[in-house]
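Read the structure below first, then the notes.
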Amino acid sequence: MTSCHAAEEPIKKVAIFGGTHGNELTGVFLVKHWLENGAEIQRTGLEVKPLITNPRAVKKCTRYIDCDLNRVFDLENLGKKMSEDLPYEVRRAQEINLLFGPKNSEDSYDIIFDLHNTTSNMGCTLILEDSRNNFLIQMFHYIKTSLAPLPCYVYLIEHPSLKYATTRSIAKYPVGKEFPPCAIEVYKIMEKVDYPRNESGEIAAIIHPNLQDQDWKPLHPGDPVFLTLDGKTVPLGGDCTVYPVFVNEAAYYEKKEAFAKTTKVTLNAKSIRSSLH
């Protein structure tokens, strides 16, 4: 016999973002399609709103105008006084926060799906920021199951400032539908690795051919990671196997990230029941 936690208020408002980075076109194309014909994303009991998040960057097909929009949704930037002197993306983040928040308020949207692309060989990837949220783990499990046999990886970046939520009910499913306890395999970030650099701070090595396009594959101590410009191999240090992600992501050169090391972790979620209130 399976027990369910008492549900909070049901999920009622969902947003779908595309174009947070203006040159990542999958989300742009989908959101534009849904803005013209949103019937396929509507569900009984839900308000679903698609949005082009960075229209100026989309128009120029560039990642951003002044700064990375995906890095300025923090409370410091959101709390700055609105001014034309602020970077465009900071002002846009404030506008989006007012439309879909304010953050942590009762009127904020329950879920936001932010659609992205990567130049890395990561396939279909879900990014999770809360390892203790039963609803999110259940949702990710449902998505992974629905996409099978296509692999769908989960990248866990624990966000220390999040207020962890308890079970939420799911408005799109028939009343009383129960989702039993489940488990998902995730790849939890350990650290981000920069390229080897010379005394001037310039990149002095490239991703080794053996590592290129090997996202999610086990990388063992001693395996080649970088190849210097004079032909020397730089191996992986440490004493444990890791799983690299975002290998040679083009947008991360400016962030000094060659790849990220992850470790496999299993997350468990308790059963939840959907309801319409």
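Please read every residue number as a count from 1 along the shown chain.
Glycine is no exception: its Cβ is also placed from the backbone N, Cα and C atoms.
Caution: TrEMBL annotation is automatic and unverified by curators.
Other C-beta atoms found within 10 angstroms of the C-beta of His116 (Zn(2+) binding site) number 16, with every protein chain shown included. Here TrEMBL flags His21, Glu24, His116 as Zn(2+) binding site.
Annotated domain 'Succinylglutamate desuccinylase/Aspartoacylase catalytic' per TrEMBL: 11-182, in sequence order.
According to TrEMBL, the feature domain 'AstE/AspA barrel-sandwich hybrid' maps to 183-263.
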The domain 'AstE/AspA barrel-sandwich hybrid' (183-263) - residue tally per DSSP class, helix then strand then coil: 3 helix, 34 strand, 44 coil
Surrounding CB atoms that lie within 10 Å of the CB of Glu24 (Zn(2+) binding site), all protein chains: 21
Chain-mates of His21, Glu24, His116 with C-beta within 8 Å of site centroid, Zn(2+): Gly19, Thr20, Gly22, Asn23, Thr26, Gly27, Arg63, Asn70, Leu115, Asn117, Thr118
